[in-house]
Amino acid sequence: MEPSYYLVLSAMLFTIGAVGFMVRRNAIVAFMCVELMLNACNLALVTFSHAWGLLDGQVASFFVMVVAAAEVVVGLAIIVSIYRTRRSASVDDANLLKF
Amino acid sequence: MTPLEVVTPTAASGLFGLAWLLIALPLAGALVLLLAGRLTDAWGHLLATLMPIGSFVLGVVLFVDLLGREEGARAVGVPLYRFIETGGWRIDAGLLVDQLSILFVLLITGVGSLIHVYSIGYMAHDPRRRRFFAYLNLFVAAMLILVLADNYLVLFVGWEGVGLASYLLIGFWQHKPTAATAAKKAFVVNRVGDMGMVLAIMLMLATFGSSAFVDVDAGAGQMGGTVATVMGLLLLLGACGKSAQVPLQSWLLDAMEGPTPVSALIHAATMVTAGVYLVVRANAVFTHTEVASTAVVVVGTVTLLFGAWIGCAKDDIKKVLAGSTMSQIGYMLLAAGIGPAGYAFAIFHLLTHGFFKANMFLGAGSVMHAMDDDVEMRHYGALRRALPITFATFGLGYLAIIGFPFLSGYYSKDHIIEAAFEHNVVVGVLAMVGGGVTAFYMTRLMLMTFLGRRRWAEGVHPHEAPAVMTVPLVVLAAASVVGGLVLNNWIEGWLAPAVRAEAHEASLLHFTPVAAVTLLLVAGGVALAWVLFGRRGVPRTAPSTRSPFVLAGRRDLYGDAFNEAVFMRPGQELVRVLGRADETLVGGGWSATGDVLAGLSQVGRRLQNGFVRSYALTMVAGVGMVAVVLVLGRLA
């Protein structure tokens with residue numbers, strides 16, 4: 001197994017996630033981009049774990065998954081309630097918290 | 001100069017081991033009364049009165065013990081505990097019971113006990129009487145520490161303790177703004193003197209490596225002339241503060257705001273004489289410095305005239321007595337400054353003054369008690385019928401202070417005047433004139449208070465005080481009468497070893513030209529007062545006058561005006577300038593720094609624009625920069 005393929009895939013996924021987060025306005029899409037970045041990280045962790053023959057990376061990826069699941073619960077709830085009050089899921093419209 | 005003989009105290013044995021009880025009893029009284037609070041309201045004053053009586057009894061026992069010893073063994077050291085131990089310093093707290101301190105113990109506890117008894121009656125209707133007695137006990141304890149200490153540093157503990165008690169008692173009627181101000185004034189002026197005292201003790205520690213009396217006495221011979229002079233002058237400054245001598249005299253007249261027993265005990269009989277005690281105790285230092293001794297004589301002479309002048313001009317009975325106290329302490333200090341020839345006379349006059357001045361102050365309290373707390377002598381007159389006991393006892397005190405033959409003041413003051421003549425003719429003449437002026441103002445006081453026509457306010461019905469107040473008056477009057485006769489032949493020989501003086505031959509019937517002229521001057525003073533105030537009568541309001549002498553006297557010889565012009569106003573001006581500098585320079589600088597930072601923040605907060613995506617961009621840019629730095633770091 002050649003780890004570099006997986007790492008390149010992980011980097012590509014992360015880049016798509018990061019760029020997507022910066023360019024897309026829809027909160028749901030931005031949220032999916034965040035998930036994409038987290039999973040890209042997971043892929044990298046698991047790859048390295050496999051390459052070194054150690055379990056540390058695998059364990060860490062479980063933690064990331066737990067955090068991601070919790071984040072989804074809170075994040076989606078926020079997005080839904082913003083949509084209900086403002087009739088919009090655009091992150092650019094939710095810009096009241098500023099100077 | 002021959003080296004001084006250093007008296008090494010003998011070790012304490014028997015009852016002397018209990019000497020600490022002298023101090024502990026009144027201190028315990030004060031603690032119980034202050035800590036137990038209202039629980040002791042009912043009987044606290046009785047307990048507080050028993051404490052100094054207990055000390056007095058112990059003092060008498062120790063005194064009799066000392067009397068039975070031979071001359072060389074009459075100084076007893078009572079080591080107590082190690083007071084300070086730090087680095088190379090070892091300072092032990094101990095008591096020194098010797099010929100000098102035992103006389104003070106007897107005076108303080110004896111007169112103090114009488115004044116406690118008197119206060120039971122005088123303060124009977126005061127709701128804070130328990131507190132008053134607690135403070136009185138505290139004062140007695142502190143004063144005993146002052147005179148019993150065997151070390152200047154321990155002496156200073158008592159020195160500050162009496163200052164505190166004096167402050168608390170002057171301001172005892174704190175609801176009166178004048179009393180509160182007077183207490184603060186006394187405290188502040190005393191601090192000036194205490195500065196001198198502290199510096200003197202530091203100088204002792206630096207010079208001798210110790211502040212114990214024995215070490216200072218032993219080392220005094222080897223110290224340089226300048227050091228001795230500076231030390232003497234600093235001690236004199238301390239003495240001036242505590243004893244209300246010029247230039248630190250201004251607090252004593254205001255201190256009369258305190259209850260009258262306080263004026264009698266603290267501001268006449270005991271505390272204000274602490275300066276005299278200090279000078280006599282530090283005789284080893286003053287022996288080696290001509291300058292400081294002369295300064296003591298000058299201060300004493302100036303003050304004795306200063307106080308007498310004020311006494312002539314005041315219409316407030318307590319302030320006349322306060323001026324008189326300053327004047328009499330001036331005599332004592334003058335005697336103490338003369339040197340070995342005068343020490344015993346200073347202490348002699350201190351003791352007799354303690355008797356007759358406490359007597360007269362308590363008498364004044366009795367008069368005020370009868371006149372509804374009016375202190376204005378112009379509202380008195382003809383009180384001899386209404387207050388026969390007060391009149392009789394006050395009259396004996398009066399005869400004692402003016403130096404009526406064979407009463408106590410006659411002996412003690414004449415000795416001082418004669419010693420002053422032997423020292424310096426000018427000083428002698430001034431002291432003699434002071435005696436005449438004393439007779440004048442005291443006669444004026446007697447005439448205005450007890451004789452002449454009645455000038456009472458409406459509705460005042462003078463009545464004699466209860467026995468609890470008159471008995472102390474009688475005892476003190478008796479002491480004023482016989483004190484001189486009893487002590488005259490004995491005190492010089494008794495004190496000689498403690499103050500390193502040579503004893504003179506003293507006789508009860510000594511009559512010298514100086515004494516004759518003094519008596520003539522006294523008679524002249526009495527006659528002049530009779531002409532001005534007895535024959536002519538006294539108007540109820542003070543007559544307006546253009547005489548600069550009277551005006552100056554009524555304003556305390558401009559002591560307060562001088563302090564205000566020289567110290568207070570420039571001080572206030574300095575503070576104002578410093579305050580403005582603080583506001584503009586320091587405060588302005590920090591305000592400017594704050595303004596700049598606030599302006600920068602106004603710019604910086606625009607970054608917080610509320611767009612999540614721009615924050616994300618910032619984060620990515622940051623991560624990118626960190627990555628670049630890491631990669632470049634690897635490559636380098």
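In case you wondered, yes, glycine gets a Cβ from its N, Cα and C as well.
Annotated in TrEMBL:
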DOMAIN    B:84-133  domain 'NADH-Ubiquinone oxidoreductase (complex I) chain 5 N-terminal'
TRANSMEM  B:132-149  transmembrane segment
DOMAIN    B:149-434  domain 'NADH:quinone oxidoreductase/Mrp antiporter transmembrane'
TRANSMEM  B:155-174  transmembrane segment
TRANSMEM  B:195-214  transmembrane segment
TRANSMEM  B:220-241  transmembrane segment
TRANSMEM  B:262-280  transmembrane segment
TRANSMEM  B:320-338  transmembrane segment
TRANSMEM  B:344-365  transmembrane segment
TRANSMEM  B:386-407  transmembrane segment
TRANSMEM  B:427-447  transmembrane segment
TRANSMEM  B:468-491  transmembrane segment
TRANSMEM  B:511-533  transmembrane segment
TRANSMEM  B:615-635  transmembrane segment
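Among B:262-280, B:344-365, B:386-407, B:427-447, B:262-280 has the largest number of CB pairs under 8 A with the transmembrane segment (B:220-241). Through the fold, the transmembrane segment (B:195-214) approaches residues 6-9, 89, 91-92, 96, 150-153, 156, 159, 223, 227, 230-231, 233-238, 240-241, 278, 281 of its own chain, all at least 6 residues removed from its boundaries and within a Cβ separation under 8 Å. Spatially, the transmembrane segment (B:320-338) is not adjacent to the transmembrane segment (B:468-491); fewer than three Cβ-Cβ distances between them are under 8 Å for residues at least 6 apart in sequence. Long-range contacts of the transmembrane segment (B:427-447) within the same chain, counting only residues at least 6 positions beyond its ends with a Cβ under 8 Å from a Cβ of the stretch, are 297, 301, 304-305, 308-309, 311-312, 317, 320-321, 323-324, 327-328, 330-331, 334, 377, 394-395, 398, 401-403, 413, 416-418, 420-421, 514, 517-518, 521-526, 528-530, 532-534, 538. Each of B:155-174, B:386-407, B:615-635 was scored by its Cβ pairs under 8 Å to the transmembrane segment (B:511-533), and the highest score goes to B:386-407.
Of the candidate ranges B:155-174, B:262-280, B:386-407, B:615-635, B:262-280 contributes the most Cβ pairs within a distance under 8 Å of the transmembrane segment (B:344-365). For the transmembrane segment (B:262-280), same-chain residues at least 6 beyond its ends with a Cβ under 8 Å from one of its own Cβ atoms are 100, 104, 107-108, 111-112, 115, 118, 136, 139, 143, 146-147, 155, 159, 162, 165-166, 169-170, 172, 197, 235-236, 238-245, 252, 255-256, 286, 296, 318, 321-322, 325, 329, 332-333, 336-337, 343, 346-347, 350, 353-355, 357-358, 361-362, 365, 499.
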